[in-house]
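Undergrad: Quick paste from TrEMBL:
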COMPBIAS  51-65  compositional bias 'Low complexity'
DOMAIN    261-326  domain 'Potassium channel'
REGION    1-36  region 'Disordered'
REGION    51-73  region 'Disordered'
TRANSMEM  155-180  transmembrane segment
TRANSMEM  187-208  transmembrane segment
TRANSMEM  248-269  transmembrane segment
TRANSMEM  281-300  transmembrane segment
TRANSMEM  306-324  transmembrane segment
Amino acid sequence: MDENTDRTPIINVINESSSFDADDDESTGYDGYVTPDELITNYSQPNLLSRSSFQRQSQTSSSSKLSDHPPFDSARMQYGSEQDFRTRLQNYFLENQKSSLRIRSFHFFIKVLSCVLYCVRVVNDNGRIPESVNKPHYGPEDVKYAYLIWVDRSFYLWACQVIVAVISMIENVVIFYLSYKGSAFRVLLNINFLLELLTSAPLVVTIFKPEWRELYVPIFLNCWLAMNALQEILSDLNRVSQVGQSALFRQMIVLFSVLICLIFTGACGMEHLQRAGQRHFDLFTSLYFVMVTFSTVGYGDLYPDTWMSRLYVISLICIAFGILPSQVRHCSQILAVHRNATN
C-alpha cells in the first residue's frame with residue numbers, strides 16, 4: 001500500500017488540544033499526517049507526540065501565572081499564610097494572656113509612678129512662680145491666675161516626668177492603633193485617650209520648647225488611667241490564674257480604687273487651685289479638707305477662698321454622688337447573689 005494512502009489526518013484522531021501550531025509545522029517541515037504505525041507508537045508515548053505543544057502551553061501558562069501572582073514563597077506552604085506586623089502585635093499585646101498581663105502591669109506601674117512624681121513636685125513646691133516668668137502685680141483680693149499656669153520644678157524632676165510621659169505615650173499609641181478600627185474620630189472621643197493627651201502630650205512638647213518646662217500639667221489625673229489598668233489586670237488574672245476570683249472581690253477592689261482616685265484628685269486639685277488664693281494649702285491639708293468634705297462633717301476650719309476652688313469642690317461632690325452610690329449598689333447586688341447561692 002502506498003505511503004500517502006496509508007496516512008490518516010491527525011485532526012480526525014487526536015484532540016485539538018494536542019495539535020501542532022501551523023507556524024511550528026512549517027518550521028519543522030511536518031505536513032500534518034502520520035502513518036497508522038506512527039499513530040500507535042504515539043498513543044503509547046503521548047509525550048513524544050505533544051512535546052512541542054506542551055512546551056509552548058507550559059511556557060505561556062507559566063508566564064501568565066508569573067504575571068498574575070507574586071513569587072511563590074516556600075515558607076507559606078510550610079507555615080501557612082504569613083501574618084502581618086499588626087496581627088503579630090495584636091497577638092502579643094492583646095490576645096496573649098501572659099504578655100498582655102505583663103504589659104498592663106507595666107502600664108499600671110508607669111501611671112502610679114507619674115502620680116508619685118507629681119506628689120514629689122507638690123511637696124517641694126515653694127508656692128512661687130519661676131523667675132523666668134514675668135510676675136504680674138495682683139491685689140490682695142485678686143485671683144492669681146499666673147500661679148495656676150506656671151509652677152517651679154527642678155530640671156531633674158522635669159526630666160523624669162518627661163521620660164515617663166514619652167514611655168506612656170508610645171505605649172498608648174500602640175495599644176490604640178491595635179485595638180481601634182475604622183475612623184480615627186472614634187479614638188478622639190475615647191476618655192482614656194483624651195486623658196493621655198492631657199497628662200502626657202504637654203510634657204513631650206516641652207522637649208522642643210524649653211521655655212515651657214515650668215508649664216503646669218495636671219499629671220495627677222493619671223490615677224484614673226491607673227485604675228483602668230488595674231481593672232484590666234484583674235480581668236487578665238482571672239483568665240490566667242487557675243484559681244478564679246469572685247465577682248464580689250473584684251467589685252470591692254474597683255470600689256476602693258474609685259474612692260482613692262476621687263480623694264487623690266480632690267486633694268491635688270484643691271492644692272493647686274489654692275495657689276491662686278490667699279490661703280495656700282499643702283498636699284496634706286488638701287487631703288484633710290477633702291476627707292472632711294466627703295464625710296459630710298465640715299468642721300469649717302478650712303474653706304476655699306476663690307471661685308475656682310469652690311466650683312471645683314461642688315463638681316467633686318456631684319461626681320462622688322453620681323459614682324459611689326452606683327458602685328455600692330453593685331457590690332450589694334453581688335453580695336446578695338453570693339448569699340443566695342451559698343444558702
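Glycine is no exception: its Cβ is also placed from the backbone N, Cα and C atoms.
Surface or core, plus neighbours and distances: that's what I need for these features.
TA: When pLDDT values are averaged over the domain 'Potassium channel' (261-326), the model yields 88.
Within its own chain, the transmembrane segment (187-208) is flanked in space by residues 114, 158, 161-162, 165-166, 168-169, 172, 176, 180, 215, 217-219, 221-222, 224-225, 228, which lie at least six positions past its ends and keep a Cβ under 8 Å from the stretch.
Taking Cβ pairs closer than 8 Å, the transmembrane segment (248-269) reaches residues 115, 118-119, 122, 218, 220-221, 223-224, 227, 230-231, 234, 238, 283, 286-287, 289-291, 293-294, 312-313, 316, 319-320, 323-324, 327-328, 330-331, 334-335, 338 in its own chain, all 6 or more past its ends.
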Undergrad: What is the number of residues in the domain 'Potassium channel' (261-326) that are helix, strand and coil, as DSSP sees it?
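TA: With helix first, then strand, then coil, the domain 'Potassium channel' (261-326) has 48 helix, 0 strand, 18 coil.
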